[in-house]
Amino acid sequence: MAEAARKQRSAAAPRPVRCIVKLGGAAITNKGELESIDEESLRSACAQLRRAMSDGTSPEKVMGMDWSRRPGDPADPVVDAEGFAGMAGLGLDSNFVVVHGAGSFGHFQASRSGVHKGGLHSTLVKAGFVATRISVTSLNQEIVRALAREGIPSVGISPFACGWSTRQRNVESADASQIIESLHAGFVPVLHGDAVLDELLDCTILSGDVIIRHLAQLLSPKYVVFLTDVHGVYDRPPTDPNAVLLKEIEVDDNGGWSIVKPALQGNRNGVEISVAAHDTTGGMETKILEAAAIARLGVDVYITKVDTEHSLRALKGDVNASSDDWLGTVIRSAK
């Protein structure tokens, strides 16, 4: 599979991907409300992505690409066909990949039916598989539409539909040809955590964080950004008043990691993890482990809060871990 991936990359990808962005489910949805999008956070994330992609020649007026009528709209959408036809280009570096979590979409359906545990012989699990995919693909469409309204040429890509599968929850097959071809054509692929088939369990949940690690291995981005609902990785749940933001973490060749900044009393290298009861993907624990795996590839990972000046700098790749004016966590190789 690795050899096939290398052939795909050399044949289709014109240049290295600049950035893979993870839109955390907790950052763009209201996790306490079933299938509820945090419209303001999503709008801000999409606007910041556009600013990060701008090459300085993009028009001041955003030329939206969502030409569909939304429920409640008083009139049909206005399409500036002549404006698009007269543009020499979009003025955007679209060599980005977006992956989003499910948040309040999908997790409820998966946890109630046990899709993440497998067993398609169960009618409940089979129904839950269908329900989970309906939920996560509906969120994917809304995120693609939000990006399109910012003039970003985005296309939704579902891992299940592309043939991604697992074996005992570990990725077994990951066909990225459609992703690479979309990048080659100037589109921004938008993937999501998904319900997929598993060779031993019948089915399971493939998280967006795991997807990002495999894409980083294949596409060799310059950097990876995780946008979350908190400023980064803390030494304990951030709701704890004594929680300390870990500014810089280094990962060695064996996957072991150490906290570089700040220097913690007692040389504490552990991080206490809390995972919501309905979260079937491992929450922050999975995020840290996958970020560490990406860092071992020599790719810097930035974790920061959505809808802040810090998230914009991360998306632009303008991060200096030694500076105190950026709030977030940098995870990088110790090499």
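Cβ atoms here come from the backbone N, Cα and C positions, even for glycine.
Record features, source TrEMBL:
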type	residues	note
BINDING	Ala102, His107, Gly208	substrate binding site
BINDING	Gly103, Asp229, Gly283, Lys287	ATP binding site
DOMAIN	93-304	domain 'Aspartate/glutamate/uridylate kinase'
REGION	53-72	region 'Disordered'
I'm trying to understand the geometry here, so how far is the Cα atom of Ala102 (substrate binding site) from the Cα atom of Asp229 (ATP binding site), in Å to the nearest whole number?
13
Sequence-remote partners of the region 'Disordered' (53-72) [C-beta within less than 8 Å, at least six residues beyond its ends]
79-80, 83-84, 87, 89-94, 96, 145, 148-153
Assuming the binding residues for substrate are exactly those in the record, Ala102, His107, Gly208, what is the maximum CA-CA distance in angstrom, rounded?
13
Between His107 (substrate binding site) and Lys287 (ATP binding site): CA-CA distance (Å):
16
Looking at the binding-site residues His107, Lys287, which one has the fewest other Cβ atoms within 10 Å of its own Cβ?
Lys287
Over the span of the region 'Disordered' (53-72), count residues by DSSP class, listing helix, strand and coil in order.
1 helix, 1 strand, 18 coil
If you skip the near sequence neighbours and keep only those at least six away, which residues in the chain come within under 8 angstroms of Gly103 (ATP binding site), Cβ to Cβ?
Gly24, Gly25, Ala26, Ala27, Ile28, Thr29, Asn30, Lys31, Leu139
Note the mean pLDDT of the domain 'Aspartate/glutamate/uridylate kinase' (93-304), expressed as a whole number.
88
What is the total of other Cβ atoms whose distance to the Cβ of Gly208 (substrate binding site) is within 10 Å?
26
Near the Cβ of Ala102 (substrate binding site), how many other Cβ atoms are there if near means within 10 Å?
31
Looking only at C-alpha atoms, tell me how far His107 (substrate binding site) is from Asp229 (ATP binding site), rounded to the nearest Å.
17
How far is it from Asp229 (ATP binding site) to Gly208 (substrate binding site), counting Cα to Cα, in Å?
16
